[in-house]
Amino acid sequence: MDFSSFLTSLATSFILFVILMFLFTWLSRKSGNAEVYYPNRILKGMNPVEGGYMTRNPFAWMREAISSSETDIINMSGVDTAVYFVFLATALGIFVFSGIVLLPVLLPVAATDHTIRAVNTTSKGTFNELDKLSMGQVGNSGARLWAFIVATYWVSIVSYFFLWRAYKHVAELRAKALMSPEVRADQFAILVRDIPSVSEGQSKKEQIDSYFSAIYPETFYRSMVVTDNKKVNKIYEELEGYKKKLERAEAIYAESKNTNPDALKPSHKTGFLGIIGEKVDSIEFYNDKIKELIEKLEAEQKLTLKEKQQSSALVFFNSRVTAASASQNLHAPIVDTWTVMDAPEPRQLIWTNLSKKFYERIIRQYVVYVVVFLTIFFYMIPIGFISALTTLDNLVKMLPFLKPVVKLQVIKTVLEAYLPQLALIIFLALLPKFLLFLSKAEGIPSESHATRAASGKYFYFTVLNVFIGITLGGTLFTSFKSIEHDPNSIFGVLAKSLPQNATFFLTFVALKFFVGYGLELSRIVPLIIFHLKKKYLCKTEAEIKEAWAPDDLGYATRFPNDMLIMTIVLCYSVIAPIIIPFGVAYFGLGWLLLRNQALKVYVPSFESYGRMWPHIYTRMIATLILYQVTMLGYFGVKKFKPTPVLFPLPIISLIFAFICQKKFRRFFISPALEVVSHELKEVPNMEIVYRSFIPPCLSAGKPDEDQFEDALSHVSKPGSSSV
């Protein structure tokens, strides 16, 4: 990429961001768009914009985001969202404090070194002004390289400081949330899996009740045997579908009656897609279907609860101290029976996975690991081709017929500025759902756990394929002939070419934070979709609400994408320090903009009280070690004799990670008894706690209480505790 293409990419990305920001300011003022820009506030019964829409200035959202406290974030979006902002603040702190030293020291050191002439530039000498600011322009020996050695240590020390502080702070956030006086259903329940076979003459419910009432005689409350709900859930979803259709047909009829008192009732054909078959009165047809399905649902509910019981259950206690203690205790001498863990929120449960056996889960896990490995490996092939597109010279070599088109200056500038980055971003967008599917296939019991697992897979994929794949793929592609003639030259080629890949990543990061965050703030796509649905598809209030229903922050992809940027910026921070301001801009703008979105737009789909943090921390440590190993290898390739002084850094990082994990991690696996022993503000209603875990497909239709006898046990202990 030449210098003009780089400036074109940077300038147009910035202009797009400014346009999108002012577009957001204009659109968010209109009351008809409140559901798109303030859904979180609307769902909480708050005024979307205090002071009215027209009184807002273009930068009011920035002031509100900056002035908001961590407590405001927790109140609006939960602890997990607050933890995400701790991550953003940690990355931002690392780059700001690193840049304070690296930029004023390393840039002059590189720029004033004349031992290497600018022959290894990214595009035939036109980009060499930026190349001069990288470590690639510093000679292979001499005192100047000591500045880069010291800088490597400085970045590591800054990282240790911010990572330690962040881990401690997140632990405090989790503790404060878990000791809350509010009654939360999941704090009074445990999930029990791998229940052994029932003895003759004893039901599954009796087996579970007798087992736990014997161990916890004073606090055991009730149990709920997990059942195979596939068929009953299918009927329930069909029933809900007909209820929505009935509501829609009635709304259409009421609307037509307002304009024409003699309007006919809506009708439809019962055949394929409503275009063939018998024509029927829609309202009567849907009412008949609903009555038929309610009877069918109630019959299937009874059958499911009696005959489709699984080897897992939810067990409830009237004390959250007991529930916390039970979740972390060994209940049987053999590990593949009576496996116990703390229960997730009711909305998080993946019911189809709860009955998976101990060894089945292990086998599934390893099979998924193999599939993920193969996915990462085979994705390297197309990623390698994408890396070849980072220069038009390579593109013309691969596709010679493009040469006449590429010669046009306008097309050349646009292609070099955007094609590789957009191709990579689109390519990565295809992967997350597949990885989330694989994570759930492991037998993971909760949505938050599946999200954490998918996030980890996506992170390692992006690091291995994007960062390492682009770096090595681009370098090897451009230098293939020289390496073919002299295989031993590969290390020297990598040393000379590594700093030049920073130019690709500079534009990649700029595109991500300017255009990506601009689209995030303006919400153009959700706005268009909402208004199209509202005008042409929605007939009822429920349909309108469903059209604007907000998503969550999307942790499964957001964390890995941010970690990729952190990896790129950290690994190039010493090699090409000019990348640091881009990292600061990415995480600083992200902290500001996403704070606005968390307060007003996104609604969390689950709450795990910061349980994702140890996984985030592990990946940040992995990124730090990758940075240190990269620097160690780069200094080694440059044959700088004092290179061994960097050997202690990866070891120090591993020791630091070990200490942090030993000190903090256990609390993120199991709730501390000291924390959950705090008083509640009211005596918990255990019946409400218990019923919150009954899946909708089993509670719908108002079935008689006695039909739950076989799977849902009677109250064993009526007493309640305050903790």
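Using N, Cα and C of the backbone, Cβ positions are placed for all residues, glycine too.
If you look up TrEMBL, you'll see 5-165 marked as domain 'CSC1/OSCA1-like N-terminal transmembrane'.
What TrEMBL records for 6-27 (among others) is transmembrane segment.
The transmembrane segment annotation in TrEMBL covers 82-107 (among others). A Cβ distance under 8 Å defines the sequence-distant neighbours of the transmembrane segment (82-107), meaning residues of its chain 6+ beyond its ends; these are 70, 73-74, 133, 135, 147-148, 151, 154-155, 158-159, 162-163, 165-166, 169-170, 173, 553, 555, 558-559, 562, 566, 569-570, 573-574, 577-578, 580-581, 583-584, 587-588, 590-591, 594-595, 598, 610, 612-613, 616, 620.
Sequence annotations record features per position, and here TrEMBL assigns transmembrane segment to 145-164 (among others).
What TrEMBL lists as domain 'CSC1/OSCA1-like cytosolic' is 187-353.
Looking just at the coiled coil (229-259), the mean pLDDT is 89. For 229-259, the entry in TrEMBL reads coiled coil.
The domain 'CSC1/OSCA1-like 7TM region' annotation in TrEMBL covers 364-635.
Feature annotation from TrEMBL assigns transmembrane segment to 366-389 (among others).
Residues or ranges marked as transmembrane segment in TrEMBL: 418-438 (among others).
The transmembrane segment annotation in TrEMBL covers 458-480 (among others).
The transmembrane segment annotation in TrEMBL covers 563-594 (among others).
Residues or ranges marked as transmembrane segment by TrEMBL: 615-637 (among others). Proximity of distant same-chain residues to the transmembrane segment (615-637), defined by a Cβ-Cβ separation under 8 Å and at least 6 residues beyond the stretch ends, is recorded for 83, 87, 90-91, 135, 145, 148-149, 152, 155-156, 159, 163, 166-167, 452, 455-456, 459, 463, 491-492, 494-495, 498, 559, 563, 566-567, 570-571, 573-575, 643, 646-647, 649-650, 653-654, 656-657, 660-661.
Residues annotated as transmembrane segment in TrEMBL: 643-660 (among others).
Sequence-distant contacts of the transmembrane segment (643-660), counting only residues of its own chain at least 6 positions beyond either end whose CB sits under 8 Å from a CB of the stretch, comprise 149, 152-153, 156, 160, 163-164, 167, 617-618, 621, 624-625, 628-629, 631-632, 635-636.
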